[in-house]
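TrEMBL lists 23-287 with the feature domain 'NADH:quinone oxidoreductase/Mrp antiporter transmembrane'. Residues or ranges marked as transmembrane segment in TrEMBL: 57-81, 93-115, 151-169, 190-210, 230-253, 274-293, 323-346. Annotation comment: TrEMBL describes 289-342 as domain 'NADH dehydrogenase subunit 2 C-terminal'.
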Amino acid sequence: MNPSIIPLFFLGIVLGTGLVASSSHWLLAWMGLEINTLAIIPLMIQNRHPRAVEATTKYFITQATAAAVLLAAATANAWLTGQWNIYEQAHEIPTLMIISALALKLGLAPLHLWLPEVLQGLDLNTGLLLSTWQKLAPFLILTQMPLNDNSLLIVLGLSSTLVGGWGGLNQTQLRKIMAYSSTAHLGWMILIVKYAPALTMFTLVVYWVMTSSAFLTFKFNKAYTINALGLSWADSPLMTSMVPLILFSLAGLPPMTGFAPKMLILQELTKQDLGTTALLTALTALLGLYFYLRLSHAIALTLYPNNLTGIPRWRLQNCGPPALLVVLTFSAVLLLPLTPSITALFTP
């Protein structure tokens, strides 16, 4: 692929998301989602590797299925109610179909099975884009839709936090671990998307920062498995030592940045008289905490001067991490004291 046309695909992704954000008509929102999907497919397949081709095919089939269900639901809603406006109350059956289609696009459990397989076949740059920016457009639609009953969203949220923590327990591939982490974090967001949309956007931004820091650290260390990440201390001891802190932030441990959104979400659920839901969500977070600690423990055991399970790589050149990675890493670890000021930016 000619590198000069890659910015054109990024522009298409941004324009598709912008069309979704600015539209109040179901057809325009559907067009924005389709532009978003079609623009990222050439980026996914640019490696020409069989795994990348397989991942791209799975992603296209999954997104096409979700788009077809969404278009059918919008058409059925227009037939039943006589309007195409996203902000108007929709019929119950089309609403169920729309939420299911958006859950499939996001990778929420139990419609998440495509996400680990797709991420495993992509490079880290495209996987980062798929795990962060591609989640924005469906969430924008969910925040605009009026719902009388949030029971389906709560079920999707609880199942996503449970499956996201459970699925990552025995994984050794870092991209699959990040895929299940994505499912678990999206479950937290979907729980309060109708109660506190501003808090949902804040959580999404914090998730972007933590996930970007993790993916870029893996890319900097050229690590795709837990063992490879543990042996990367020979290349970059400082960045390898920062990986456990990033993972603690993803797990939501204080005093890391990731603790703030989970604390605020549990507080919001309690305010909405959903104490049982808050308790179950906090308990399912322990599963994610376990595999993050397991990953950190595997890294810590291979840090110098401990015994190694493999042959470390030679440090051929002493190059430091890029400035963006440094900023994202410190943001993912040290922004908890600034939570009141940051959340004020998201409140209308």
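First residue shown is number 1, and so on along the chain.
Just so you know, glycine gets a Cβ as well, placed from its N, Cα and C.
Quantities reported herein were computed from a predicted structural model and do not represent experimental measurements.
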Practice task
Would you kindly check 57-81, 151-169, 230-253, 274-293 and say which stretch has the most C-beta pairs under 8 angstroms to the transmembrane segment (190-210)?
Solution key: 151-169
Handout entry: Sequence-remote partners of the transmembrane segment (151-169) [C-beta within less than 8 Å, at least six residues beyond its ends]
Key = 96, 99, 103, 108-110, 112, 116, 176-177, 180-191, 193-194, 274, 277, 280-281, 284-291, 294
